[in-house]
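Record features (TrEMBL):
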type     : residues : note
DOMAIN   : 39-264   : domain 'G-protein coupled receptors family 1 profile'
TRANSMEM : 23-46    : transmembrane segment
TRANSMEM : 58-80    : transmembrane segment
TRANSMEM : 100-126  : transmembrane segment
TRANSMEM : 138-162  : transmembrane segment
TRANSMEM : 174-195  : transmembrane segment
TRANSMEM : 216-236  : transmembrane segment
TRANSMEM : 248-266  : transmembrane segment
Amino acid sequence: CGLGTKIPQFTLTAFPALLKLRISLFVALLLAYTLTAMENIIIISLMWADNRLQTPMYFFLSNLSFLDILYTTVVTPKLLACLLGEKKNMSFAGCITQTYFYFFLGTVEFILLAVMSFDCYVAICNPLRYTIIMNSRACLLMILGCWLGAFLPVLVPTIVVACIDTRLTEKVNFLLSALVILSSLAFTTGSYIYIISTILHIPSAQGHQKAFSTCASHITIVSIAYGSNIFVYVRLSQNHSLDFDKVATVLITIVTPLLNPFIYSLRNEKVKEVLREAMNRITSLVLRKT
């Protein structure tokens, strides 16, 4: 792995093809990052402050929002500094640390999406036992499993990044990306096969609509997350346009966490109701003080 080779720092080039637009790109990315943080903080605050949202589904959603904040924070501040700052260097230790947390948090999110598909499965296929199966202890253990389950699969490729042989790095990256993404996708797909089978046996059209609405947002997020990440990471050959890969990675890291609250939470009637009530309370307090 070239342990005797000293690599003091890397030079970050960001988007050399878009140098003329770097100020516009900086503003757009800063706005997206700020909105992502605000949206997800609001979602977390609502779900922990209101008893109506303290159910397993919203517990997992609050964890997804927390992950999205961390995930985008790992990369975005350094990217923004690189776009406008004169100093575009990054230490080897900093690069390894960023790489580890980027893939670690991404892996946690994939495992969490699989856990959320199991939650949908229990809610639709076994509703009478839902509160028994998805109790507080089980939910906490599932979240703990998401974090612990992501540790080892990410540790190995992070170490391999230091290797001189880039072909080995590509192969390890491909194998472990395929393991994490495709295994969680297989579990999610299996859950939805049972869910769809159960929905098709529901006699009423209203029952169909209610069941589909329960998992529609999750299906949307799963499709975006798995589709984009499989396209970028689960490929053996990395001989593609580097600029294209950078744009795709920015979309995965910044745009997806920005859209998740809209797709999963802010379209939810119960969440919108709680948000309206919270806004009314805040407005009333402000008016009283003035």
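Backbone N, Cα and C define each Cβ position, glycine as well.
Averaged across the domain 'G-protein coupled receptors family 1 profile' (39-264), pLDDT for the predicted model comes to 82. Contact between the transmembrane segment (100-126) and the transmembrane segment (23-46) is absent: fewer than three CB pairs lie under 8 Å, with pairs separated by 6 or more positions in sequence.
Here the transmembrane segment (23-46) lies next to the transmembrane segment (248-266) in space: the count of CB pairs under 8 Å, restricted to residues six or more apart, reaches at least 3. For the transmembrane segment (248-266), the partner stretch with the highest count of Cβ pairs under 8 angstroms, out of 58-80, 174-195, 216-236, is 58-80. Remote same-chain residues near the transmembrane segment (58-80) are listed as 12, 14, 26, 29-30, 33, 36-37, 39-41, 43-44, 47-48, 90, 98, 101-102, 105-106, 108-109, 112-113, 115-116, 119, 139, 142-143, 146, 249-250, 253-254, 256-257, 260-261, 264-265, 271 (criterion: CB distance under 8 Å, separation of at least six residues from the stretch ends).
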